[in-house]
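Trainee: Here it is: the structure, laid out below.
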């Protein structure tokens, strides 16, 4: 797999963001993104602190775990404590005592998650507050004004989000073009362009024509960065990776010199696949939420600590992990606190799961920079799928990314993998079943 010489590596220089790709191998890239508060390295996983706090962890622990950027949610933060109060306390960085990068989403995701409480029009989105039932109108202008007060390094445009499982082509057409109209309103409303970076969000559902329209229209706005939205909503994994591949395509995708953010992605295997395809940034509540149910992320997949088999297991969660949980606690102890519902259980497993995601992306960056990324991917998949039963969608995605899985996967990629992004290869019944299963839950091959 060829790598790119340093002199040819893409970069961009925006008023509040400098982005430089430092190494590539195939479509995968390792980059540095200089933000007003921190220089982050990508590929990067960003833990989600919906209301300004990552559940179970302090900001000191997040720093200890070497998290570069964390997320806050505009809709929830405006509901309480309110962006004006946060602004009075120095913005989110001062409010939560966090000195590294921050990203706030626009509130658009609540169109999906709170759809039964929302009405979407050209003007914006009217939500019924789940707290007190009051109406809250969120327009592109108001979303940006709230985010300007919150003061995050990266702010997201309000977009019209439609679940990928929706069977309404006209609704996707409407949402794609409305997202473009709304980005223009967001740009006009943005009052701190030299301090905060406005990212646009590509929409279009699973329709390759609409996705390409969205890519082209948003690129014309020449923003500091771009996100791939509307995924992780129940679509098949085969559809999922093809949308990412289209948006990161070297010739027709989002600009190589700017960060590419796949929203809502937290399963480790998804992060590896998207990184191989050329994406840079990922976020999800999955690692922290699954920790609260006693599920730990490990190289083999996931470890369900409630299982009785762990009651007398004196091994650490992950022998390859150097986090304080793996250094100091056994599976037997964690089984005990998880099954008894002791509060420290969620804290310990959350700490480990965030340590796992940070180590995963750190190892990918090192592999890309040392030009051994395909070998790293093969080793990763051998550990997760020791029987060689790598899911068909992963095989096809890796073929598109130029990573040869010979000797790792027992089946060959479907005919057509690696071709144009809008060409969907036929899937076997077995591959369909795997894809559906992966879409519903954790992707690990081993659940013990």
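Numbers here mean position along the shown chain, with the first residue as 1.
Positions of Cβ are set from backbone N, Cα and C atoms, glycine also.
TrEMBL annotations: computationally assigned, not manually curated.
The domain 'tRNA-guanine(15) transglycosylase-like' feature in TrEMBL is assigned to 27-384. Residues or ranges marked as active site, proton acceptor in TrEMBL: 105. The substrate binding site annotation in TrEMBL covers 105, 106, 107, 108, 109, 159, 203, 230. What TrEMBL records for 416-428, 438-448 is compositional bias 'Low complexity'.
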Trainee: 10 Å Cβ neighbour count around the residue listed as 'active site, proton acceptor'?
Mentor: 31
Trainee: Looking only at C-alpha atoms, tell me how far residue 105 (active site, proton acceptor) is from residue 230 (substrate binding site), rounded to the nearest Å.
Mentor: 13
Trainee: On a simple 10 Å Cβ count over all chains shown, which one of the binding-site residues 107, 230 is most densely packed?
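Mentor: Of 107, 230, the one with the most crowded Cβ is 230.
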Trainee: So if I draw a 10 Å sphere around the Cβ of residue 159 (substrate binding site), how many other Cβ atoms end up inside it?
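Mentor: For residue 159 (substrate binding site), the count of other Cβ atoms within 10 Å is 31.
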Trainee: Using Cβ atoms only, which residues of the same chain lie under 8 Å from residue 203 (substrate binding site) while being at least 6 residues apart in sequence?
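Mentor: Correct list: 159, 160, 161, 162, 172, 175, 176, 179, 210, 211, 214, 229, 230.
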Trainee: Over all shown protein chains, what is the count of other CB atoms within 10 A of the CB belonging to residue 106 (substrate binding site)?
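Mentor: There are 30 of them.
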Trainee: Does anything in the same chain, at least 6 positions from residue 108 (substrate binding site), have a Cβ under 8 Å from its Cβ, and if so what?
Mentor: 125, 143, 156, 158, 159, 160, 161, 201, 229
Trainee: Can you work out the mean pLDDT of the predicted model over the domain 'tRNA-guanine(15) transglycosylase-like' (27-384)?
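Mentor: Mean pLDDT for the domain 'tRNA-guanine(15) transglycosylase-like' (27-384): 95.
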